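A.B. asks: Annotations per Swiss-Prot:
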{"type": "REGION", "residues": "23-43", "note": "region 'Disordered'"}
{"type": "DOMAIN", "residues": "355-417", "note": "domain 'Laminin EGF-like 2'"}
{"type": "DISULFID", "residues": "CYS357-CYS382", "note": "disulfide bond"}
{"type": "DISULFID", "residues": "CYS448-CYS457", "note": "disulfide bond"}
{"type": "DISULFID", "residues": "CYS460-CYS475", "note": "disulfide bond"}
{"type": "DISULFID", "residues": "CYS480-CYS498", "note": "disulfide bond"}
{"type": "DISULFID", "residues": "CYS789-CYS801", "note": "disulfide bond"}
{"type": "DISULFID", "residues": "CYS839-CYS856", "note": "disulfide bond"}
{"type": "DISULFID", "residues": "CYS858-CYS867", "note": "disulfide bond"}
{"type": "DISULFID", "residues": "CYS870-CYS880", "note": "disulfide bond"}
{"type": "DOMAIN", "residues": "933-990", "note": "domain 'Laminin EGF-like 9'"}
{"type": "DISULFID", "residues": "CYS935-CYS960", "note": "disulfide bond"}
{"type": "DISULFID", "residues": "CYS993-CYS1012", "note": "disulfide bond"}
{"type": "DOMAIN", "residues": "1043-1093", "note": "domain 'Laminin EGF-like 11'"}
{"type": "DISULFID", "residues": "CYS1094-CYS1106", "note": "disulfide bond"}
{"type": "DISULFID", "residues": "CYS1144-CYS1161", "note": "disulfide bond"}
{"type": "REGION", "residues": "1189-1405", "note": "region 'Domain II'"}
{"type": "REGION", "residues": "1406-1432", "note": "region 'Domain alpha'"}
{"type": "REGION", "residues": "1433-1788", "note": "region 'Domain I'"}
{"type": "REGION", "residues": "1690-1719", "note": "region 'Disordered'"}
{"type": "COMPBIAS", "residues": "1693-1708", "note": "compositional bias 'Polar residues'"}
Amino acid sequence: MLELRLIVVIVLALLSWQWDPVDSQRPPQHGRRDRPKYPPNKFIKTHPCERSSCYPATGNLLIGRENRLTASSTCGLHSPERFCILSHLQDKKCFLCDTREETKHDPYKNHRIGQIIYKTKPGTNIPTWWQSENGKENATIQLDLEAEFHFTHLIITFTTFRPAAMYIERSFDFGQTWHIYRYFAYDCKESFPGVPTVLENITDVMCTSRYSNVEPSRNGEVIFRVLPPNINVTDPYAEHVQNQLKMTNLRIQMTKLHKLGDNLLDSRLENEEKYYYGISNMVVRGSCSCYGHASQCLPLDPAFSQADNEDGMVHGRCECTHNTKGMNCEECEDFFNDLPWKPAFGKKTNACKKCECNDHAVSCHFDEAVFTASGFVSGGVCDNCLHNTRGQHCEECMPYFYRDPEQDITSERVCQPCDCDPQGSSDDGICDSLNELEEGAVAGACHCKAFVTGRRCNQCKDGYWNLQSDNPEGCEPCTCNPLGTLNNSGCVMRTGECKCKKYVTGKDCNQCMPETYGLSESPEGCSLCNCDAGGSYDNYCDVISGQCRCRPHMTGRSCSQPKQNYFIPLLPEVHEAEVVDECISYGANGNCSLVAETPDGSFTGIGFTRVPENSELVFTVGDIPRSMPYDAVIRYQSTSRGDWENAFITLVRPDQVDPEGGCGELAAATSSETRIPFSLPDRSRQVVALNEVCLEAGKVYKFRIYFERKRHDVDSPTATILVDSLTLIPRIDVTPIFQGSVLADIRKKDYEKYNCKSSLYDMNYKSDPKCQNLDNILSVFVHDGASMCNCNPTGSLSKVCESNGGYCQCKPNVVGRQCDQCAPGTYGFGPEGCKACDCNSIGSKDKYCDLITGQCQCVPNTYGRECNQCQPGYWNFPECRVCQCNGHAATCDPIQGTCIDCQDSTTGYSCDSCLDGYYGNPLFGSEIGCRPCRCPETVASGLAHADGCSLDTRNNNMLCHCQEGYSGSRCEICADNFFGNPDNGGTCSKCECSNNVDLYDTGNCDRQTGACLKCLYQTTGDHCELCKDGFFGDALQQNCQQCECDFLGTNNTIAHCDRFTGQCPCLPNVQGVRCDQCAENHWKIASGEGCESCNCDPIGALHEQCNSYTGQCQCKPGFGGRACNQCQAHYWGNPNEKCQPCECDQFGAADFQCDRETGNCVCHEGIGGYKCNECARGYIGQFPHCSPCGECFNNWDLILSALEDATTATILRAKEIKQVGATGAYTSEFSELDKKLQHIRNLLQNTSVSLVDIEKLDYETQSLRDQLQASHGRLSETEQNLDDIYNSLSLSGVELESLQNHSRLVQQLSKELKENGIQLQESNIEGALNLTRHAYERVSNLSTLKDEANELASNTDRNCKRVENLSNKIQAEADDLANNNKLIEDYRAELTSLTSQIPELNNQVCGKPGDPCDSLCGGAGCGHCGGFLSCEHGAKTHSEEALKVAKDAETAITSKKDQADQTIRALTQAKLNASEAYEKAKRGFEQSERYLNQTNANIKLAENLFIALNNFQENKTASPSESKELAQKTLDLDLKLEPEEIETLGDQINRAVSSLKNVEAIIYRTKPDLDRVNNLQSIANATKEKADKILDSANSVVESLAAADESQGKAKDAIQQANSNIELAGQDLEKIDEETYSAEAPANNTAQQVEKLAKKVQKLQNNIMKNDRDAKEITKEAGSVKLEAMRARGEANNLQSATSATNQTLTDRASRSENARERAKQLLQRASKLTVDTNAKLKDLNDLQTVYLNKNQQLLRLQAEIGPLNKELNEHLIHIKERGSHYRQCYT
């Protein structure tokens, strides 16, 4: 509300105020303004501040303050930086930010902080913005104002996301203290914990999230108001309100970026490229702070002009009213402090009140105590009372003053001072204040010093002068400089002034007058400066040395010479036409061309540009040296008689002429885009096209010169003109060189007298030598000094150029001021200069060539750089003839005539023979061209098995020359002892039978499979590589031996022994090559079932080994049994507890040993009982006499035993019925019965095939085979016909092309004859003669060419007829081919129909598909009966195909795994390379540190040396000033004296010795010493220069080492990044390996299942083959039919449905592996590049080390040389001092 009220008040005040025109033209004033005096009766508008408070307008404080706006982070500030736009991430739209100085005017690249002031570039619609560095979250923008301002609000518009966190702070004491305005954050609690989020008072600091959301992503705003509208402000000038508004510095701190989270998982730098701060516009609204005492503000700098003011800029200095002053009207004016200062508010102006000082003071101050004491009426105390008054109101006189009673209190003379001269009075200037006649005191009389007199003590006594206050005596004797005083007459006693010489001034005649120097004893006293008018800024020089103020790069005392490597440019600015920017041809007269000429001084550059009629030359001129008028001169050369009448020139200016610049007054003379006509006289070489056109320095102009017509009324198509250059000649008559002084007038008269101006326009004009100096003066002025030579280091001999004109010393054949181009007739600009063109005089048009390539301009049919070869298609230079290549090649060898790049499979000198692998007759006119050898296929197919072939001239057939191992007419079969299938794409290989066959025998191997058939030496196998069954050994060495196996220990179920070792197949626990031994701790080999374990008891047996035959273990005492685990013999029981005797009856027991566990004895037959002492069951009698009971007992005993067994079984069956029922009990019986019934049913259903059906099928199969054979024959015949037609067409094309070449040759010859007639007139005599001779030779050959052309025409007619016949024949063949194709399609359809019947036929032969195989013909495992399984729907076929797919999958997986392993190895190698590079870089860094330390030590040594030299220089004893100056000059190691300085030094030396007596003798005696000093000086200078160079080299080494250190750091970072990437890639590869392994396991399982299925099918096949053998022939014929059908159908074995999932998985794995491989490859490349860079850095360091060592040696050598020189220099210096002391004593 307050701000709105202020704006309304200001607007109303402006509407009611009218400025006075006179007053508005007055300069702005600060402080109090005098009231304007208006004429009577004029309507007066009051000032807006006169009756109320007033305020200046608000605005954007950024405008006009780009230099006060800074940012802590700006993208592209040091180098271009890439950034991406988030909204374009799908297309990866990225751009470059380049904020370097050279892109300052490119808003698309430059995003400096100043771009936020305006939304677009001023004057355009191009948007501008500031942008920070990528990923940098802490960024600061700061505005530093030049004064205190009132700040109202801030608006920031972002180009990207608004910051996630930021705060605004300001300072009102110019940055000494800072205060935060407000925090902004997306999450205030997280970003600024503890900061309140509610605003209660205007001074509260709060945090808001209103302007920190993610949306919008572009053009989001952040708005801040200092005084929130929701809080009412009652007193706007309260201290806390003013503190909130006032501001001198503003700072925006951005602390956090909005990110999308992708940087959390991937920390690569690429992810940071889309996160940055960007501000398109920022408005800092405010006004200058004036506290209501000003309505407008002015710039701080009074020199700030209106032209420099930027629209909308708010200035900081208030234009104060109400008698206030200050930057912000914060205090009263010096004389308006009677009331305290207050800000104006509303209608109260609170103006400052004037103090009352009786007109004796101009300023006063406010005193609060005085103000209070006066009752708050007046508090002003006068400051610095004038007129010698004092007091609050200046009502009293000051001490040492007296009051004049005759004057009014306000009179300026009311208090009269004592008026004592302070220089001549004493007692602090006290005078008598009153007239006291009695005491003799006079008011105002002063007390004087000793040599001073007068009432005021202001006069020296006679003989004294120079009244000084610090002189106790007051005055001193007169002292005049004898060198500058005329006749040394002294000074005037009253004034003390001396009488000076002509060019001397000063009270003591001790100063030279302006524009003079060098006070001396000469009659004039000083010498004139005589500064060069062009080389110096003015004619003022140094009063001692006479050195003038030189323009840039000018030197010498008078600034008349350019510095070394600089020159004085020529006055005309020449722009060569040979390098013109554009040449536009508007007619049909041709384009511009370069005409090179040998320089002769009549033109500039390397020649001319030939310009035809209706053409325009465009010159771009951007090197204007000074803004001034110029004459635009065109230098040219006419090519024919007559003036060029119609020509125009247009000057295109880049922009408007600066009205304040040097061309402001002359801008209207020649406006832009105006066509100025001119003509070019044929007898002149130059013309002024534009007269006195003013051009401005620093701008680029275009001069468009249009050569319309040579004759204004007619066209001249052949008219051309040679243009040399566009030359700009400055109008020297307007320069200050010829204006403004007497000397300038003299120079102008001399310039006109010698007609120097003509040499600027006419190159052939020979000017007077005196013009050269005047031209140099003008050129230095126009170019503001000298220009650098810039001699091209490649084309010049040195860097030094001529001082006038700047021409460098060029190498051979190099021209140009800078030696930067080749001379006409040369080319190949390089270190050795340029090479001569050497254009062939016969083959080239002239002697000039291309400056870069050296290509000469060749005449027709010639070729080569020097035009010394024939064109392609010709040979035998200079008599170029057409190449004879039988139509198979377009070019031939230019010297030999050998055809090059023969086509159509031909070769030879004239392409007259066929290439290897081809046969035929390639000669011109033959109908049989070179055809590929088909043995059995062409060489290109890779299926050729012959060394070549040839044409059988008897029948025009092909004869193949078969390679070893092939035979047949087309090498389509394998020779004896070779195998393969060469006719179907295979090859023949030598049978490998391991030298186990008779090589002289035939049929050693199968020609299809290569399996050996006649193995010898007891060998077997496909390659006789194995021993036969029952034999072993190395079959390759023919030493197979028969196996010898022990029949007891050999496993007879395994047929044979090992073929290689002879190891027999042993039974269990049997060992030995012959299987004749039991294994350790085993026995019983004689069992024939292997050996049993001894099982010796570990407690009762002594050893584990038992007897190998009986198995008896060796028992301990008290143990027995075979295994020693029982009691000893004839005892039983547990041996570990107690053994008891057997007690077997000796008559009834068969053995005295009883059962060792139970004690039961083994009885004889018929004997029983525990001890075998009674008759057994079934026997009767009295022991030991027992006999059997008989047959009856035995029969009943058997019956009872059977019934017992049956009863037991019945009980068990009953239990099963109770559990599972009756059927469960008889499951096996029911199953067997079911099988038998099903077998009978199958036999009844599967016997329905008759013999008639089989015969019918056989007939149809044979018919189909015959039809296919006939189709193959017709196809072969058609292919042969097509080949013949193609060859005929090729021959016809060759003949037609030859005819066309001859026709073009005739036309070219005719054209050349016509052109030669014209060229004879323009060329020299020798060239014309050569052309004439050449033309005569060609004319002589025309008759021959005519005959050849006639013959070719006849051949063409014949060929046309032949082509017509061939076309008819081709048409017939095409019809036959179409019929054949139709028949093939019919056969294919019929074959398809037959194929579709095959499953039904198989059903008829084999039974229903899917049934199990039976004894008759098979079933599900086959497609037809008998033989081997081959049907496509059988289980074995599916299994084989599935097995194949699994194996392919396994192969692919293996391949991918190998690729992954290879990638891992590559990554490992890359990591090793990176590690090696890191180690190298580390070693280089350590080595660079050592070099740095050594360099620092040497630098310190050099510094010590220089300190010693300086100390030596400073330690000088007192000597005459002349000797001291000479010694100082001698010790100055950086002596670079110009000739004038040397002369001055000589003059000083002469003056120094002028007062000496016997000067000649002194000079004679000291001459040797002086010579030695001079020599020492030159040696010291040379030593100093070498030391400086060494120091510079050392500094460069240090800088290079620093750069290497920085590069080392970058290399370390890059290596770390590479290691990180390698680790990531390794993790990816491990994942790929795991996934590959997981995919491999199912594939292996599938392979195992398929293998099992194959075994089952094989078993099934064996069962089928045992069945019906009568159907074997039928099966064979059906298999042949199916084979033919599958060939006709193509690829029918594809199992995409079964393997699609596997293929997709493998494809995914392959893709991921490929990605990983590419990533690894990139890492390897980066590591390799890093290695290369590191090696380069190491090489640079090694080179620097070499340089350092060399320089160090030089420094040591120089130190050794400097020591004796210093010693000798000291001796001579002592000698000079002694001589000087001697001469001084003589003088005194």
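We count from 1, first residue shown onward.
Using N, Cα and C of the backbone, Cβ positions are placed for all residues, glycine too.
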A.B. asks: Within the chain of CYS867 (disulfide bond), which residues six or more apart in sequence place their C-beta under 8 angstroms from its C-beta?
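C.D. replies: Expected: CYS839, ASN840, GLY843, SER844, CYS856, GLN857, CYS858, VAL859.
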A.B. asks: Taking 10 A as the limit, how many CB atoms besides its own sit near the CB of CYS357 (disulfide bond)?
C.D. replies: 25
A.B. asks: What are the helix, strand and coil residue counts for the domain 'Laminin EGF-like 9' (933-990) according to DSSP?
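C.D. replies: Taking each residue of the domain 'Laminin EGF-like 9' (933-990) in turn, the totals are 3 helix, 25 strand, 30 coil.
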A.B. asks: Using a Cβ-Cβ cut-off under 8 angstroms and a sequence gap of six or more, which residues of the chain neighbour CYS1094 (disulfide bond)?
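C.D. replies: CYS1094 (disulfide bond) has long-range Cβ partners ASN1081, HIS1082, TRP1083, GLU1104, GLN1105, CYS1106, GLY1111, CYS1113, ALA1123.
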A.B. asks: I want to check the contact list for CYS960 (disulfide bond): same chain, sequence separation of six or more, C-beta distance under 8 angstroms. What comes out?
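C.D. replies: In sequence order, the residues whose Cβ lies under 8 Å from that of CYS960 (disulfide bond) (at least 6 apart) are CYS933, CYS935, ALA946, CYS949, SER969, ARG970, CYS971.
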A.B. asks: For CYS801 (disulfide bond) and CYS475 (disulfide bond), determine the Cα separation and express it in whole Å.
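C.D. replies: Checking the Cα atoms of CYS801 (disulfide bond) and CYS475 (disulfide bond) gives a distance of 63 Å.
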A.B. asks: To what whole number does the mean pLDDT across the domain 'Laminin EGF-like 9' (933-990) round?
C.D. replies: 85
A.B. asks: In Å, rounded, how far does the Cα of CYS475 (disulfide bond) sit from the Cα of CYS457 (disulfide bond)?
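C.D. replies: Their Cα atoms are separated by 11 Å.
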A.B. asks: Summarise the domain 'Laminin EGF-like 2' (355-417) by DSSP state, stating how many residues are helix, strand and coil.
C.D. replies: 6 helix, 18 strand, 39 coil
A.B. asks: Which residues does CYS993 (disulfide bond) neighbour through Cβ under 8 Å, counting only same-chain ones at least six apart?
C.D. replies: ASN1004, CYS1005, CYS1012, CYS1015, HIS1023, CYS1024
A.B. asks: Roughly how many Å lie between the Cα atoms of CYS870 (disulfide bond) and CYS789 (disulfide bond), rounded to a whole value?
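C.D. replies: Cα to Cα, CYS870 (disulfide bond) and CYS789 (disulfide bond) are separated by 45 Å.
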A.B. asks: Using a Cβ-Cβ cut-off under 8 angstroms and a sequence gap of six or more, which residues of the chain neighbour CYS880 (disulfide bond)?
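C.D. replies: Within the chain, CYS880 (disulfide bond) has Cβ neighbours under 8 Å at ASN861, THR862, CYS870, GLN871, TYR874.
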A.B. asks: Can you figure out which of CYS357, CYS460, CYS1161 (the disulfide-bonded residues) comes closest in space to CYS789 (disulfide bond), comparing Cα atoms?
C.D. replies: CYS460
A.B. asks: Would you mind checking how many other C-beta atoms are within 10 angstroms of the C-beta on CYS1012 (disulfide bond)?
C.D. replies: 24
A.B. asks: With CYS1144 (disulfide bond) as the reference Cα, tell me which of the disulfide-bonded residues CYS448, CYS457, CYS460, CYS480, CYS498 is the closest one.
C.D. replies: CYS480
A.B. asks: Please identify, among the disulfide-bonded residues CYS382, CYS498, CYS1161, the one with the smallest Cα-Cα distance to CYS457 (disulfide bond).
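C.D. replies: Closest by Cα distance to CYS457 (disulfide bond) among the disulfide-bonded residues CYS382, CYS498, CYS1161: CYS498.
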A.B. asks: Taking the Cβ of CYS382 (disulfide bond) as the reference point, list residues of the same chain whose Cβ is under 8 angstroms away and which are at least six residues distant in sequence.
C.D. replies: CYS355, CYS357, HIS360, ALA361, SER363, CYS364, GLY391, GLN392, HIS393, CYS394
A.B. asks: Taking Cα atoms as reference points, rank the disulfide-bonded residues CYS448, CYS480, CYS498, CYS1161 by distance from CYS460 (disulfide bond) and give the first.
C.D. replies: CYS448
A.B. asks: Using C-alpha atoms, which one of the disulfide-bonded residues CYS448, CYS480, CYS498 comes nearest to CYS1161 (disulfide bond)?
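C.D. replies: Going through CYS448, CYS480, CYS498 one by one, the Cα closest to that of CYS1161 (disulfide bond) is CYS480.
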